[in-house]
Amino acid sequence: MIQQKVLFISLVAVTLGLGLGLGLKESVQPQVSCRYRCNETFSKMASGCSCDDKCTERQACCSDYEDTCVLPTQSWSCSKLRCGEKRIANVLCSCSDDCLEKKDCCTDYKSICKGETSWLKDKCASSGATQCPAGFEQSPLILFSMDGFRAGYLENWDSLMPNINKLKTCGTHAKYMRAVYPTKTFVNHYTIATGLYPESHGIIDNNIYDVNLNLNFSLSSSTARNPAWWGGQPIWHTATYQGLKAATYFWPGSEVKINGSYPTIFKNYNKSIPFEARVTEVLKWLDLPKAKRPDFLTLYIEEPDTTGHKYGPVSGEIIKALQMADRTLGMLMEGLKQRNLHNCVNLILLADHGMEEISCDRLEYMANYFNNVDFFMYEGPAPRIRSKNVPKDFYTFDSEGIVKNLTCRKPKQYFKAYLSKDLPKRLHYANNIRIDKVNLMVDQQWMAVRDKKFTRCKGGTHGYDNEFKSMQAIFLAHGPGFNEKNEVTSFENIEVYNLMCDLLKLKPAPNNGTHGSLNHLLKNPFYTPSPAKEQSSPLSCPFGPVPSPDVSGCKCSSITELEKVNQRLNLNNQAKTESEAHNLPYGRPQVLQNHSKYCLLHQAKYISAYSQDILMPLWSSYTIYRSTSTSVPPSASDCLRLDVRIPAAQSQTCSNYQPDLTITPGFLYPPNFNSSNFEQYDALITSNIVPMFKGFTRLWNYFHTTLIPKYARERNGLNVISGPIFDYNYDGHFDSYDTIKQHVNNTKIPIPTHYFVVLTSCENQINTPLNCLGPLKVLSFILPHRPDNSESCADTSPENLWVEERIQIHTARVRDVELLTGLNFYSGLKQPLPETLQLKTFLPIFVNPVN
């Protein structure tokens, strides 16, 4: 056996010796793959295929050269093939084993190469999870804008956008966010950044003329970088002024030296930069050392706006654009998760406006209204008209004549012409010299243009009335600062600035938002609003005798027992308490104007606050119930008398209303809301009248005799508060008494510019306004007080054809009413103040969608 083994070993040795002696060599396998070989130096001695950057010229590349060496320089994601790749020059992102250390991994590296689940497949984060990695004491805030992403896209096609849909499901989202008017890109982005209306921050459109600067502003002009255009304090400055750092990857205004400075980091706008590169840069900012890392970051992409303009809002192309936007969000969230920041960063995803379909068949031409279109016109969905010879003719241009010539010219017009001061107050679009005096409010899907030379009428556009559903924008939020799985009612984008300040623990600069109104979005609200403090308390107006002699010029022949009728106004304390419980169920409106002299007047069915400064009520409040009757009885005719509680020198008189004047006395509380003729006398008094243009009384009377009873039936009763507004300088705030007294129209009675009506009911319509324990519903209106009804082309039309449509155009927030009157509503509500602020900032919507 041993001999056999020795023989075998000897044979092997001989064989090897012979092989070596004959020069046999070990076989070399030719190269067949580029894995780990990309960009290697070419060698003629190498066998097999090549992977150098010239191999395509020699037609000598390995079969996987394209996938292994070329695609990584064009791709923003990993693949199984790329995992563990050798480092390649000029790749967009890396999938090499050391990419985490080098901080240049593709955002999906861990999920593709390390087997971790993707952010999209993860469950929604629990509030108890550890949120931030070491070094992040405060959650960064990312503000991400997807231009032109209308809320309806997400409503209709959410299943095609899994990343956005997950953000919606896991975080907080609004049904929609309301843009400011005009619903344009620069306008709304800068409003979001400052919390200011366009009239306040100055960017009133994408194209502007300023007579004081004698300059034109446009998106493409160099003058857009002139800081003189940009007012207010954008959020990036608020952050840096208070010790934080801010970085903006494109945002209107961020590349302008506003107030002498820029954001800590900013990028000059360049639309050619891929969305993925923008996300990658934002993630790199979050990788910076703590001393350099921004606390606030913005990110902007042009889609789906660009595609919406080209193809319209309902198209296969828009779906592709939405999916591109969705992938961009997914890339951001994957990158955040890879850094363990996905539950640390607070992210707000929103849009500036929506998108509407347009057609060249839906154009209103000014050439059809003027023989000579001798003016300058900003054409489109939000047109403005001014003199073409500026600055010379800027102030002398006949704006009123233009509006008159565009009013009620055709049986069907697809726009309404307004002087800026007459625009609906909800738009807040008057108080800036840059807002031209002539404005056209255009119907949905229509545009107003000069003449038939206009050709930009295909696809989609935006700029329309911000109440149009097509102009509504998305709002979604996610992160440790926000409530989870939370849907909230709509709100306006002026509120976002305060919200961002709260997330960053900053003190906001003055703005048009209502701080605290979005506290219900936040897990732990940073700011607690305080109740308003009344500045002027009511005085006493004691019951007194009828003045003798009575020089008021008032008469009421139907009253036979004047003393008995007047005694009805002399309520004892118990009767006053009962009246307040009935007529002021949510508390008395508080007066926030300084040095206002007024007294409370109690009647059984209504209460008013009579002002000795303006000789009329500041407000009148009453509650009406659901009635099966569809009409109210007529008021007693030719019956008006002095209120014996008001001294004659502080009272209106009937002689103030001469027949040759255009004004007539109107009633804040309708006398015929009382159940009997005798009770009507409680309201047929001078303390209940206000001056109204005769044309306006048609609207006012129909509103009260027909529409308010209708709404009371629909809502199981209403509390009604109404009163005058004085805003002669159209700044959206109440005028001083000195200003008011300059507008008395040949009488000592000042003439209001508007009247307000606030209708409050119980959201649960089982309950009446008086026994409502839950949330309230509100309809509020600010009605322009105009001498005629040309706004509705209604001088000869019956009221049922136009009044309701008119008041709906002039819907408003309760907060708008407060600012214009100096009043504070709902002071008696027991609910938390942020809930009351939600009610005050709610804007009813009546606009019907286009069929």
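Cβ atoms here come from the backbone N, Cα and C positions, even for glycine.
According to Swiss-Prot:
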DOMAIN    30-73  domain 'SMB 1'
DISULFID  C34-C51  disulfide bond
DISULFID  C49-C51  disulfide bond
DISULFID  C49-C62  disulfide bond
DISULFID  C62-C69  disulfide bond
DOMAIN    74-118  domain 'SMB 2'
DISULFID  C78-C95  disulfide bond
DISULFID  C83-C113  disulfide bond
DISULFID  C93-C106  disulfide bond
DISULFID  C99-C105  disulfide bond
DISULFID  C124-C170  disulfide bond
BINDING   K271, H309  AMP binding site
BINDING   D305, H309, H462  divalent metal cation 1 binding site
DISULFID  C408-C793  disulfide bond
DISULFID  C541-C599  disulfide bond
DISULFID  C554-C654  disulfide bond
Between K271 (AMP binding site) and C170 (disulfide bond): CA-CA distance (Å): 31
Cβ contacts of C599 (disulfide bond) (under 8 Å, same chain, 6 or more positions away): P538, L539, S540, C541, A609, Y610, Q612, R645
Rounded to the nearest Å - Cα separation of C62 (disulfide bond) and C69 (disulfide bond): 10
Using Cα positions only, nearest of the recorded positions to H309 (AMP binding site) (C69, C95, C99, H462, C654): H462
Collapsed DSSP category at C654 (disulfide bond): helix
Distance, C793 (disulfide bond) to C99 (disulfide bond) (CA atoms, angstrom): 70
Three-state secondary structure, C599 (disulfide bond) (per DSSP): strand
Within 10 angstroms of C106 (disulfide bond), Cα basis - disulfide-bonded residues out of C51, C124, C408: none
Spatial neighbours of C113 (disulfide bond), counting only the recorded positions C69, C93, D305, C654 and Cα distances within 10 Å: none
Secondary structure content of the domain 'SMB 1' (30-73), with strand meaning DSSP E or B: 13 helix, 4 strand, 27 coil
Most crowded position, judged by CB atoms within 10 A, among K271, H309, H462 as binding-site residues: H462
